[in-house]
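For reference, the structure is listed below as structure tokens.
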Ligand SMILES: *[C@@H]1O[C@H](CO)[C@@H](O)[C@H](O)[C@H]1NC(C)=O
């Protein structure tokens, strides 16, 4: 065999090995929702049981408004599209009635991208040094960086709707009001830790 043939032979061998390696390596890991979620996502469902329905969600419609805020979010996470498992992305929508709001909230591990499609929303997020706030109209896109408190309010004349994308397959939703006031935290502690006990008015 000439040298060139030997090289080609080994090249071929290498190629067949790597292509085999890629095809046996998982291209996706559809969530097995029967098992427990872990910090690195759900365990994979056997590939033989995976179908197209694991990658499609069909009715992204307005969810029920969060009482009493007249606004709410619908999230399509890994729990709705098992194929999102491990991909670090998900979707949803935000719908707010007139004078309604999606109250102050945050997603611990997800940046949010909001794409306005209908009506008008005043949206913003807060950091210790800066308030970013803007009134959005259809076609506007706004980003809410990971973990920051944010909100949307509808001061418009009609209902407002937007689609959202999250940089997590399971963004979670922590609503500040619920965290603070819908718990068994003793009232005295709640008042002291939030200054609702009047410390602020007393001028301390
Ligand atoms: C929305 O709020 C404004 C200002 O408070 C009020 O004038 C208006 O009637 C409200 N609209 C609805 C539909 O609640």
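Glycine is treated like the rest: Cβ placed from N, Cα and C.
Remember, it's a predicted structure, so these values are computed and weren't measured experimentally.
Taken straight from TrEMBL:
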type: SIGNAL; residues: 1-23; note: signal peptide
type: DISULFID; residues: 29-44; note: disulfide bond
type: DOMAIN; residues: 58-202; note: domain 'Cupin type-1'
type: BINDING; residues: 105, 107, 112, 150; note: Mn(2+) binding site
type: BINDING; residues: 107, 112; note: oxalate binding site
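Taking the features listed in TrEMBL, we show where each one sits on the structure.
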residue : record              : Cβ within 10 Å
29      : disulfide bond      : 19
44      : disulfide bond      : 17
105     : Mn(2+) binding site : 20
107     : Mn(2+) binding site : 23
112     : Mn(2+) binding site : 24
150     : Mn(2+) binding site : 21
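The Mn(2+) site, placed at the center of the C-beta atoms of 105, 107, 112, 150, has further neighbours from the same chain whose C-beta lies within 8 angstroms: 106, 110, 125, 144, 148, 149, 171, 173.
Taken together, the residues of the domain 'Cupin type-1' (58-202) have an average pLDDT of 94. In this structure, the C-alpha atom of residue 150 (Mn(2+) binding site) lies 33 angstrom from that of residue 44 (disulfide bond).
Spacing of residue 107 (Mn(2+) binding site) relative to residue 44 (disulfide bond) is 24 Å (Cα to Cα, whole number). The DSSP breakdown of the domain 'Cupin type-1' (58-202) into helical (H, G, I), extended (E, B) and coil residues amounts to 21 helix, 57 strand, 67 coil.
Cα separation, residue 29 (disulfide bond) to residue 112 (Mn(2+) binding site), rounded: 23 Å.
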